[in-house]
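Asker: Take this structure, written in structure tokens, and hold onto it; I'll ask about it next.
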Amino acid sequence: MKLKGEKQESSDHNEGSKGKMTPVLVLVALISAFGSSFQYGYNVSVINSPAPYMQDFYNRTYLNRNGEPMDSDFQTLLWSLTVSMYPLGGFFGSLMVWPLVNNCGRKGTLLLNNLFSIGAAVLMGTSELAKTFEVIIFSRVIMGIYAGLASNVVPMFLGELSPKNLRGAIGIIPQLFITVGILVAQILGLNSILGNVKGWPVLLGITGIPSLIQLLTLPFFPESPRYLLIQKGNEEQARQALRKLRGWNDVDGEIEEMRQEDRSEREEGQFTVLSLCTFRGLRWQLISIIVMMMGQQLSGINGVFYYADRIFESAGVDKNNVQYVTVSIGAINVVMTLLAVFIVESLGRRILLLAGFGLCCVSCAVLTLALNLQTTVSWMSYISIVCVIVYIIGHAVGASPIPFVMITEMFLQSSRPAAFMVGGSVHWLCNFTVGLVFLYMEAGLGPYSFLIFCAICLATIVYIFFIVPETKNKTFMEINKIMAKRNKVEIQEDKEELKDFHAVPGGQEGKKETSSSEL
């Protein structure tokens, strides 16, 4: 029996079943993103500015041990290991997503993950005192594992906490903090701050501080209600978590939707990566996230960052001031990602993806032209600068943040961990590949290497235009209906409820795709 007050509350809730930004939701999003995603960004760019001092340290240590200076080829090898071990660690971290989030929960995984970061931070911060450079390379792998887990678990956790009308905006917050991390590392890495002989161990070591803050604060916030109910079967805890997150008591609607999903998924159990890859009912969702993740990393963002310093120098920026220009590019990246948080719910995911990759595609094409002509046409170097800025804007509003949002939205509770594992592995493998191949590509092709990036952006645009649906403000049920048509599988409906759809010939029942309007 409902009292008047409750009825009122319930109808308020239904009017705005939209869900609002409650203080708990805001805090949990900020703490998760600052404690985890921030450090992914920070460690991407932290070794760029102190590179000469770190290489000098490698040299000195080697000289002290062996009595002879380091061979230059060996030094190059050591440095490229220092850089590339991070994305390789990220790949291994992605492989750990599925077992960890299913056994320890989303919040539990984030808390456990902090131990990697704090351990690596202590090792890197003390490496100079200990006179060992091997520890830095080892710590970069550990930091990579940390970032690999963080880059997948934070979007999954926040996506499962958010009401459907805020899912996109909250889903971009991790990417926003990645860009903030990059910017903070660039600022602290300025020669006048920590990017110098004395400061670099501190610069590497302070990455543990956000982890420590998260370790102390996140335990006071709720675990993902969907994980508690569907995977742990604990309805009471799920209700409490939802009440805290939504700021109202009447959460029956959301609980009922989760129950439907739970009932439908019990027969199937959790998807492993193998069963996800062979399951026809999720075929196009899987192809879509692989294409978007490859597009995101292979569209040349690393190449543009590598080239940026050179482009600005050739435009007449003084060598000592280039670092300030790099910081300003980092700032543009942050501002545009922040803009994406505010426009993703009004414009939708598809528009941002198409516009983002479109800007990247055009700027890569024009950049190729400008870099080739800048020796003959004096003002071309300014065109190159404009291209770099336009490229960064395109990547920040669409290509960087949206693919992770889409993984959360295109998959259900049982297949989401496996989907993040696939998407995350593709993300980090492509990142690793670009880091490895770009220097050779650049040596062989010069500015024409941007034409390859241009072609990849174009291919991604074509795929998104024809295949990827708009998911803005849709429940999972609606998204699954759209994708089921594409997968050529049936969804039988009964009273607005999805029944098992038969995906595999021979009568094996496909996954019943139910949904929650409030994931």
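Cβ atoms are placed via backbone N, Cα and C, with glycine included.
TrEMBL annotations: computationally assigned, not manually curated.
Below are the features I grabbed from TrEMBL:
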- 21-42: transmembrane segment (TRANSMEM)
- 29-472: domain 'Major facilitator superfamily (MFS) profile' (DOMAIN)
- 77-98: transmembrane segment (TRANSMEM)
- 110-130: transmembrane segment (TRANSMEM)
- 136-158: transmembrane segment (TRANSMEM)
- 170-194: transmembrane segment (TRANSMEM)
- 200-221: transmembrane segment (TRANSMEM)
- 286-308: transmembrane segment (TRANSMEM)
- 324-344: transmembrane segment (TRANSMEM)
- 351-373: transmembrane segment (TRANSMEM)
- 379-406: transmembrane segment (TRANSMEM)
- 418-441: transmembrane segment (TRANSMEM)
- 447-468: transmembrane segment (TRANSMEM)
- 498-519: region 'Disordered' (REGION)
- 509-519: compositional bias 'Basic and acidic residues' (COMPBIAS)
Asker: Could you check if the transmembrane segment (21-42) is in contact with the transmembrane segment (351-373), meaning 3+ Cβ pairs under 8 Å among residue pairs at least 6 apart in sequence?
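Answerer: No; fewer than 3 Cβ pairs under 8 Å.
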Asker: Run the contact check on the transmembrane segment (170-194) against the transmembrane segment (324-344): 3 or more C-beta pairs under 8 Å, excluding pairs closer than 6 in sequence.
Answerer: yes
Asker: Cβ pairs under 8 Å only, please: of the recorded stretches 77-98, 110-130, 136-158, 286-308, 418-441, which one is richest in them relative to the transmembrane segment (351-373)?
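Answerer: Looking at each of 77-98, 110-130, 136-158, 286-308, 418-441 in turn, the most contacts to the transmembrane segment (351-373) are made by 286-308.
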Asker: Along the domain 'Major facilitator superfamily (MFS) profile' (29-472), what average pLDDT does this model show?
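Answerer: Summing pLDDT over the domain 'Major facilitator superfamily (MFS) profile' (29-472) and dividing by its length gives 93.
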Asker: Residue list, the transmembrane segment (379-406) vs rest of chain: Cβ under 8 Å, 6 or more residues beyond ends.
Answerer: 151-152, 155, 159, 167-168, 171-172, 174-176, 178-179, 288-289, 292-293, 295-296, 299-301, 304, 307-308, 311-312, 314-316, 329, 332-334, 336-337, 339-340, 343-344, 349, 352-360, 362-364, 366-367, 370-371, 373, 423, 427, 468, 471
Asker: So which of 77-98, 200-221, 418-441, 447-468 is most in touch with the transmembrane segment (136-158), counting Cβ pairs under 8 Å?
Answerer: 77-98
Asker: Tell me, please, if the transmembrane segment (286-308) and the transmembrane segment (447-468) are in contact, taking contact as 3+ Cβ pairs under 8 Å between residues separated by 6 or more positions?
Answerer: yes
Asker: At a Cβ cut-off of 8 Å, and with pairs 6 or more apart in sequence only, do we get at least 3 pairs between the transmembrane segment (77-98) and the transmembrane segment (418-441), yes or no?
Answerer: yes
Asker: Using a Cβ-Cβ cut-off of under 8 Å, list the residues of the same chain that are 6+ residues beyond the ends of the transmembrane segment (110-130) and lie near it.
Answerer: 32, 35-36, 39, 57, 100, 104, 136, 138-140, 142-143, 145-146, 149-150, 153-154, 157, 200-202, 204-212, 214-215, 218-219
